[in-house]
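Pulled from TrEMBL, these are the features on record:
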| type | residues | note |
| --- | --- | --- |
| REGION | 68-129 | region 'Disordered' |
| COMPBIAS | 110-122 | compositional bias 'Acidic residues' |
| DOMAIN | 140-392 | domain 'Anoctamin dimerisation' |
| DOMAIN | 395-936 | domain 'Anoctamin transmembrane' |
| TRANSMEM | 403-430 | transmembrane segment |
| TRANSMEM | 486-504 | transmembrane segment |
| TRANSMEM | 560-584 | transmembrane segment |
| TRANSMEM | 604-625 | transmembrane segment |
| TRANSMEM | 648-669 | transmembrane segment |
| TRANSMEM | 764-787 | transmembrane segment |
| TRANSMEM | 815-839 | transmembrane segment |
| TRANSMEM | 892-915 | transmembrane segment |
Amino acid sequence: MRSVWEEGDEKPKPNSVYGQMVNFYGILEHDITIADTAEIEGMASEGVPQRAERYELHGRRDFDRSYGSINSSLAGSSNGRRRRASQSVDDSECGDDEQSHTDRQGILMQDEEDDEESDGPTEEFCMPSTSTAQVDMATFFKDGLRKIDFVLVYEENAMARAAAAAAGAASVPISGGGGGRRAGKHETWRQRFMANLKRVGLDMEEEVVEASGRKVLCFIKLHAPWPVLCHYAEELNMRAPLQKRSDTSAEAHPNPSVNWSQQLLKILRLPNIMYEDVPNKPLDYYTCPFRKSKIEKFLGHDNRATYFTNVQRSRILYEILSTAVFGKKKKGEVGVDRLVEEGVFSAAFPLHDGPYEIKNRSDLKDTSKLNARQVLYEYWARWGKWYKYQPLDHIREYFGEKIAIYFAWLGFYTGWLLPAAIVGLLVFMYGVFTIHKSQPAIEVCDSQGQFSMCPLCDENIGCKFWDLSDVCGYARLAYLFDHPGTVFYAVFVSFWAVTFLEYWKRKSASLSHHWDCMGFKEEEERPRPEFAARAPFLEKNPVTGIREPSFPSSLRTKRIAAGIGIIFLMMSLVIIFILAVIIYRVLVSIPLFQNATFRSQAQAIANVTGAVVNLILIMAMSRVYEKLAYRLTTWEMHRTQTEFDDNLTFKVFIFQFVNFYSSIFYIAFFKGRFVGYPGNYSHILRLRNEDCSAGGCLIELAQQLAVIMIGKQIINNAQEIIVPKLKAWWMNKRVKITKKHKSRWQEDFQLITNEGLFQEYLEMVLQFGFITIFVAAFPLAPLFALLNNWVEIRLDAQKFVCETRRTVAERAENIGIWCKILHMLAHLAVISNGFLIAFTSEFLPKLMYQYEYDWELRGYINFTLAHSPNGTLSQPCRYRGFRDEFGNHTPFFWRLLAVRFAFVIIFEHVVFGICRLIDILVPDIPESLELKIKRERYLAKQALQESDNILKEKSERVLCLKRICPEWVIRKLSA
């Protein structure tokens, strides 16, 4: 800012009356600047203080926000003319609005003039500091000064390019095989797109590299100059570190590392092998939304090279690229993502900070030589660091809050799995050590020839009668998963799930405050570029008061309803596949029962192979539906990215819930319930309904869980290990760069595209359902989940650091809708485990038999086997069920049914009551954090009040001067 009077101006004499008044109010001491005067005059005319809106362009109040087209009309003249928003989104071709170009350049030129007049640096760009980490000069333009913020890549035919260059015409890109017309269209789109990027003010540098197969790769390196960065940082409401008070000794303090296990080990005075001091730790600042007009108030404003971090620069560039139009907006021809999808560009990505390998191990002694990527690999992504704490602050600084919050949640969840896995293992070991004391298993094994069992399929197709002792091993195995300890474990896991989620809320609140994301709400979110391009209307946002693209809610509701219908159609398809698997098990079991060798293992073989077939169908259906759900969600036209992600997540999870859990729910609650009895069996397609094995349905449920859960984990981990390597091999084979010494952007291009966090969250949430909803049937589920997650963290870390291109950082306050889904699963787990114990387990029948007949369970097996009605089969036999000789239910069955329902009601009320008590006793925000937030709000209020007092004092000075100063001074003040 410059002062009111500049050198060469005639100033009032200090000994005059007016000069004495000026000196008294401090104008000659630069207390009032031109901007201050203009602001005060505007306030005086309106009578109230005004706050700059969120979407202003560099603090101007006479602009509306620009959506969709980068070259939308912007008012940039000094007379403050306003850009008129049309009632519908402009459908004109790109590059036709010359006035837009002039206005945009006017804004950037005005920014440069302001910079030259400010107290900050006068250089366009200065060399970055290397005090904290090594800077890779390969991430700069050839001049070594301008940093590469984003890279666009496209392929061309080498011969066509050479011919076009000789003829002075545009080159012909390689498209997916659509002919010359399609290639020409792609070239037109690309030229218009690049022209719009130049109009914004981006610097570009192109490099052509020869590749195999008569191809050339064109790398377009993009750099955002200082005025562009400032403009979009303010428009995106980015946060910047504040200047500290002069009496503060330190500008910032290191981020606090809070970990409960670390504190516990410190109290117990035990060594903590999980802790490791990670170098180049990010500092913690108090921040506020960036304002170009207040640039001198922020830390580091005197060094433009390091003021905006790499993460912020890539976010700004992605915003520009996502809103640049290359065709007709109503057709969705906007944004770099669409161009990559159409094949106009092969890739678009920000650069990594350098290589991740440390070639010289001596550099570890001087960590200042390590770049951020090397620090993450050395102290986080390597397999040797599997037992170390994750450096969350480093992850957040390099990848952004959204990815950091995922790894924070995954690590927190994995840590909480440890007690659940230990207790589950102890419960399972209790069954192993007491298996020889199981009276029912002893009676089954000692019943040689005592119980002739009815055929498990129709006698007329060749199924034989069998002896109960044939399933002795099966009965012993069933006891491992169905004993009194499993009831305790089901209650324990219900409490564990609720407590875990409550403490995650506290952890999430601490992280969001620590990372300055607390309060990141929807009003700060911009409409999605695809939405802004296709929305047919402009309406006033009721929150911000700014005109934004809108889509009729009634039409969106109709589309959502149509999408729900498609979801139900896909769910029906899942049910059909389950019926197909049931029929498969029946058909496979028939020849096995006919064979004396496999008769005792017939049901086990049929169940396991059926589970494998079911798993294959589940994984295939998952891929198909995820693509369908994405298209449906895009068609529904959701305004913000959060709304889009939440609706997509909900659709996919509902389907995946049915897809993965429906067969398990069938075995747990339906299989064996509608079989009938000899002489009155139920049939499906002329095949007798499935019955539970001699060990009960709980052991079959454990088998199904083990196959689906563990099999899914093995498949997913194999995919994460093998698929990236196959993709990288195929990319290198398809486009092989012939240069021996590759640049940073060439190496990053040969990495694979990062597919985001959706699949990672979905995998973990489905796993959470497996270990909570059906834990009564499989106590070892948390142990397998723990082992998987230890591998999962390192696989994901290596994928993000080593194998994929760098993603554009996104802000996030928490894990979003996934938290609500986890709460839903935790509540469903209480209900499911209650019904599992009551209706699927043998816990209540044994308990009632002990209470009414024999506490040692002597004769229990004989009591649970009914006699077949006379004349129904070729010989008398026994079958499972509480029925009399006529096939009617016995009184014990009805008493047991009443006890089962009573148990479910009592179990759910007790568990839900204690869970609610846990929710009340454990606040979502820690008390210390709440106190800190209140303190910060108080200080902010005090600072605001102090600022208002200063502004009021300045206003009074100007109003006083207006009454006494000459006309030339007033003109100078308002110039």
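Positions of Cβ are set from backbone N, Cα and C atoms, glycine also.
Beyond its flanks by at least six residues, the transmembrane segment (815-839) meets 405-406, 409, 486-487, 490-491, 493-494, 497-498, 501, 504-505, 508, 642, 645-646, 649-650, 653, 668-669, 698, 701, 761, 765, 768-769, 772-777, 900-901, 903-904, 907-908, 911-912, 915 of its own chain at Cβ-Cβ distances under 8 Å. With pairs at least 6 apart in sequence, the transmembrane segment (486-504) and the transmembrane segment (892-915) have 3 or more Cβ pairs within the 8 Å limit; the two touch. It is 648-669 that, among the stretches 403-430, 486-504, 648-669, 764-787, forms the most Cβ pairs under 8 Å with the transmembrane segment (560-584). With a threshold of 8 Å between CB atoms, the same-chain residues lying at least 6 positions outside the transmembrane segment (403-430) that come near it are 261, 389-390, 392, 395-396, 480, 483, 485-486, 488-489, 492-493, 496, 500, 503-504, 507-508, 511-512, 515, 757, 760-761, 764, 768, 771, 775, 779-783, 785-786, 789-790, 792-793, 796-797, 800, 807, 809-810, 812, 814-815. Proximity of the transmembrane segment (648-669) to the transmembrane segment (486-504) is not established, fewer than 3 Cβ-Cβ distances being under 8 Å for residue pairs spaced 6 or more apart.
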